[in-house]
């Protein structure tokens, strides 16, 4: 009798695709780097994820996370793994199956120091930041304002007499609320506040502020700090609150690469003031990148479990139960989410490359692509965070009743991922920002201005909107399928622009905020979909040199595109993007594609599991066959089973029983 590991390897081998090639092309130049981290964490008992963590209270989870984070620092000094920094936080999150205790410190605080701090400021504090002498948080969000950054109320008033800034929270709505690493960890904060000089508002700027004593770790005078308490997701993170009561910081506290305040209060602005949000863009790119890795981890959990779990003798000739994996509904979910995960992977690589290109350009004071990149990142962050939540729920459902167990790991991923839909940009707000910029690009095009084709590859063709050709063969071509999406996107953009410009009894603001909110979101979503599909189609030839694998990956791309077209079916038919015959053909082709990918779905998933540490909590999905025995064993280890009696419970039950008996007599 074969083992499950052997069965899994057989599934992969029978596919015939180039698993190693796909793996290396997806993980790119970070493959060896990330594999080394995963390997060493998995081999180190003090750092490795332990399913017993699921039994811990929030406070104990926080302590356990600190302990593991400290062990990672030791391992870095031992030369086993690289130090956690602003560029590799994602893989450490994946390796730990938890947010690193200093993830915000690295990904946001360290990043903004590097980006917005002057050379002198970076030289002065960066070593302490990396050595954890300084642990910082990114104090932007307030109780009253989050997505509306320009609405922040915290004030930084320049006092020319003392050459200091007075940081103040003028109302309870101005209290900082939600920053990670603030509640217990941070002794410094990058505080976002309105710069007020000589009564004039110079917008929101960033200030480096010490918030806790370096020895006692108590909040400094005039600063109130605490943890905000239990929340859905991020149980091991110390999201905090902070209020300022007219504290004073030196003039040098303002991060001054792009702004300088002289002793006399003269303001010198350099470059694009929006560069301060580059850190936030980097976080959004990181979330989109981490999304495909989280989905493949969850896909592996569910695919493996459905291969092991057998249910119903559903075939008349069968005398044994059938693996859940063999059912059509199971395979269609796995195939669909796998194809979307590859589209997510492809566009995240494009974004990463563009983000680093932008940051290199900024060093030379070239801000030309920053605005366009911001538009694309906004739409993709909103789209993929929403999709990821739906995918995780579906993958949890594939594990049936046992999927509700934290031991299956997906419930933990759902809780951990859910805040990402809102943090660093609420989805609908980002969709609004995207559509607003698309409309402005359309106006620019109408005025004869050039458009950056890298970020808007369809805009220049927008006034020649034509449907796809009518032959069935064309519908099965990737280019023609993408053309359907392009036509739909162009139609929606033009029609929304015309509707907003039309003179009627509604004001523009009413139209924008009330009448066309659904259309505004759908347009931005379609922009994200088209760019994701275009990216995957362009990347297919580079994913493997093997021709058969390229053919399979073309089908993967086409599943993503056809599924999105089918979601548009009603609108497309009503508005004439395609005719009924074409839509039927696309539906039939989509069904054929999914069916043809079923023999490859396990290999497509497992190709992205570069180490078993990416499938943690393997009670249900490990490479052994005995999930039932493991599940039972873990249940018996539940701390509630350490005794058959609970302190005081027996006594209280007896007292209650006595009271109820007395009531019965009455």
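One is the number of the first residue shown, and numbering goes on along the chain from there.
Every residue gets a Cβ built from N, Cα and C, even glycine.
Keep in mind that TrEMBL annotations are predicted by a computer and have not been checked by a curator.
Now, the feature entries from TrEMBL:
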BINDING   141, 180  FAD binding site
DOMAIN    35-135  domain 'Acyl-coenzyme A oxidase N-terminal'
DOMAIN    137-246  domain 'Acyl-CoA oxidase/dehydrogenase middle'
DOMAIN    277-439  domain 'Acyl-CoA oxidase C-alpha1'
DOMAIN    478-645  domain 'Acyl-CoA oxidase C-terminal'
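Listed in sequence order, 176, 177, 178, 179 are the same-chain residues six or more apart from residue 141 (FAD binding site) with CB atoms under 8 A from its CB. Summarising model confidence by region, the domain 'Acyl-CoA oxidase C-alpha1' (277-439) averages a pLDDT of 91. Around the Cβ of residue 180 (FAD binding site), a 10 Å sphere holds 25 further Cβ atoms from the protein chains shown.
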